Structure formats: C-alpha cells, structure tokens
Amino acid sequence: MIIVAVLLSFLAHLLVQASQPWKALDAEQALYVYKRCYEDHLPSGSDRKTYMTLWNAWRLEPNDAITHCYAKCVLTGLQIYDPQENAFKSDRIPVQYQAYKTITQSKQKEVTEYQKALAAANAKSGSCVDLYNAYLPVHNRFVNLSRQLYHGTVEGAAKIYAAMPEIKQKGESFHAYCEKRAWKGNKQSEWKNGRRYKLTGSPELKDAIDCIFRGLRYMDDTGLKVDEIVRDFNLINKSELEPEVRSVLASCKGSEAYDYYVCLVNSRLKQHFKNAFDFHELRSADYAYLLRGKVYENPEKVKEEMKKLNTTVHF
C-alpha cells in the first residue's frame with residue numbers, strides 16, 4: 001500500500017506539471033531560493049564567510065562537496081533543473097526572459113545561446129557533483145546573463161519589486177501581504193481575530209491561510225510539504241515534536257491549507273505551532289534573518305522584533 005501511495009503521489013505530481021504551463025520566477029521567488037540554499041548549505045565553521053562572499057558574487061567556488069550541493073539547490077529552486085525528470089529544463093530559459101525582458105534588457109541572441117548550452121548539458125546521475133560539473137561551463141559562460149534573468153543583482157531585483165507591487169515586498173511579512181490580498185482593507189476586526197488564531201472559517205481567512213501556507217512554502221500546487229512545517233518546529237527548538245506533527249497532519253481530513261491549519265490549531269501542538277508560525281512570519285519579512293546568526297529565543301522576543309519590521313533591504 002505504501003508503494004502504491006508513493007506511486008500515485010508521483011503520478012499526481014507529473015500530471016500537475018503537465019497540465020500547467022511553466023511560469024517565470026519573480027524577484028521574491030528567486031530571492032527565497034538564494035537565501036534558503038544559503039541556509040541549507042553554508043558551513044558553520046570559520047570559512048563560512050569565504051563561501052558566502054564567493055556565492056554572493058555568483059562564483060561557484062570552491063570546487064568541493066559543499067558548493068556542489070549548493071549549486072544543485074539553486075538549480076532546483078530556480079527550476080533550471082528538474083529532479084523528478086533528472087534533466088535540465090532549457091525550454092524555461094526563454095519563458096523567464098520573455099517575462100522580464102523590458103526590465104532586464106537582456107539580449108535575445110545571448111538568451112538563445114544560453115538555452116542551447118543548457119540543452120546540451122547532461123545531468124548524468126543527478127548527484128550534486130554531476131550537476132555541478134555539467135552546469136559549471138554553462139554558468140561560467142553565461143553568469144552575467146543568468147544573474148539578469150533570475151534577479152540576482154540588487155539593482156535588477158529592485159526594478160522587479162518596483163514594477164510588481166502585487167508581489168510580497170522586502171521587509172513585508174507574508175502574513176501582512178496575504179492579509180492585504182484577502183481583506184483588501186476591509187473587515188479589520190476579522191483579521192485581528194485571525195491573528196489571534198480564532199477559526200472563523202470565513203472565505204477571507206481561508207484565502208489568507210492558503211496564501212500564507214504557499215508563501216511560507218508549506219504548500220505548492222503538488223500539495224502539503226510536511227518537511228517544511230517540521231523544519232519550523234525544529235527552528236523553535238522543538239524537534240522532539242516531529243512524530244506528533246507528522247501524525248497530526250497525516251490524520252487531518254481535507255487537503256486545503258485551511259484544513260491543515262485547523263488541525264494544527266486544534267491539536268495539542270497549538271501553542272508550539274503558534275510559536276513556530278509567528279517566528280516564520282518574522283523570517284518571511286527578512287530572508288537573511290537566520291544568515292545573520294539570529295536564532296529563536298522566545299515568543300516575547302519575536303513579538304518585540306515584529307514591531308520593528310520595516311523595509312530595510314537585506315540582499
């Protein structure tokens with residue numbers, strides 16, 4: 001039965017991918033990838049700053065296992081590489097270009113050359129080192145172009161944010177962003193109840209929770225990402241709750257974001273979930289939060305820092 005369930009999940013993923021045209025990544029989506037891959041792959045030792053300096057400059061160095069897996073993380077996150085197909089997706093390059101060509105000022109000829117070079121790259125086993133070796137020559141040749149296409153410069157990303165006020169801005173939490181989208185300035189008392197974790201079940205609250213779950217990367221079009229929710233419990237020093245978190249989510253009836261939200265709020269995990277959810281709200285306003293060495297202390301500290309949120313740029 002487990003094998004059948006896994007197979008059905010995989011087939012569902014493929015069907016979702018096949019039925020929807022690929023969408024270009026905006027500046028928020030790209031920034032999330034870069035910072036998350038830093039979080040997951042930067043070493044904790046004395047050479048951490050060296051890696052960060054090199055990666056910030058888009059240099060895939062040093063040539064070691066750490067950089068290899070960082071490169072795979074970014075390629076996967078930017079959807080240049082598809083792990084399900086174990087293939088580089090060269091057909092997505094012109095889609096990314098067309099979406100932002102008036103802002104990036106990239107040249108069609110160079111984009112075509114980049115696409116051809118990526119199409120010729122062989123992912124082989126799909127391991128970190130194989131992907132690194134396959135993509136490195138492409139990267140070195142087209143690094144300036146790829147930085148333009150995937151919003152990898154401060155100036156370029158700023159132009160995208162300015163041109164797209166409809167996406168979450170830097171310094172704005174996903175909770176605040178989704179509140180604006182769902183309520184459009186109306187029914188403020190209802191959203192305040194939502195902020196207090198009251199389950200009103202209103203269409204606006206359901207829309208807001210769906211938006212937040214997607215923004216925090218708890219969900220995407222393929223379904224719930226349980227590991228991401230577990231990670232948030234780990235980040236508030238509650239890793240021992242992982243089995244219970246997984247159990248609550250697995251036994252939850254329904255498949256919408258609000259369904260899972262209700263299950264967590266109504267479970268014995270409620271207070272810990274609130275702490276994890278609030279801490280992620282803070283981090284969602286500043287994707288460099290953890291990279292600056294900041295860690296979870298307590299709920300009061302999170303509330304204090306939330307009051308200080310502004311539009312300070314952290315890139």
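Glycine is no exception: its Cβ is also placed from the backbone N, Cα and C atoms.
When Trp22, Trp55, Trp58 are compared with the leukotriene C4 site residues Gly152, Lys170 in Swiss-Prot, the one appearing in that site is Trp58. Checking the candidates Tyr70, Tyr150 against Swiss-Prot: the one annotated together with Trp55, Lys170 at the thromboxane A2 site is Tyr70. According to Swiss-Prot, Cys263 forms a disulfide bond with Cys252, chosen from Cys211, Cys252. For Cys73, the disulfide partner named by Swiss-Prot among Cys37, Cys128 is Cys37.
If you take the Cα of Cys211 (disulfide bond) and the Cα of Cys252 (disulfide bond), they are about 19 angstrom apart, rounded to a whole number. Its Cβ placed at the centre, Trp58 (leukotriene C4 binding site) has 16 other Cβ atoms within 10 Å. In the shown protein chains, 17 other C-beta atoms lie within 10 A of the C-beta of Cys252 (disulfide bond). Neighbour density for Cys263 (disulfide bond): within 10 A of its CB lie 18 other CB atoms from the protein chains shown. Listed disulfide-bonded residues: Cys37, Cys73, Cys128, Cys178. The one with the lowest count of other Cβ atoms within 10 Å of its Cβ is Cys128. Cβ neighbour count for Lys170 (thromboxane A2 binding site): 20 (other Cβ atoms within 10 Å of its Cβ, all protein chains included).
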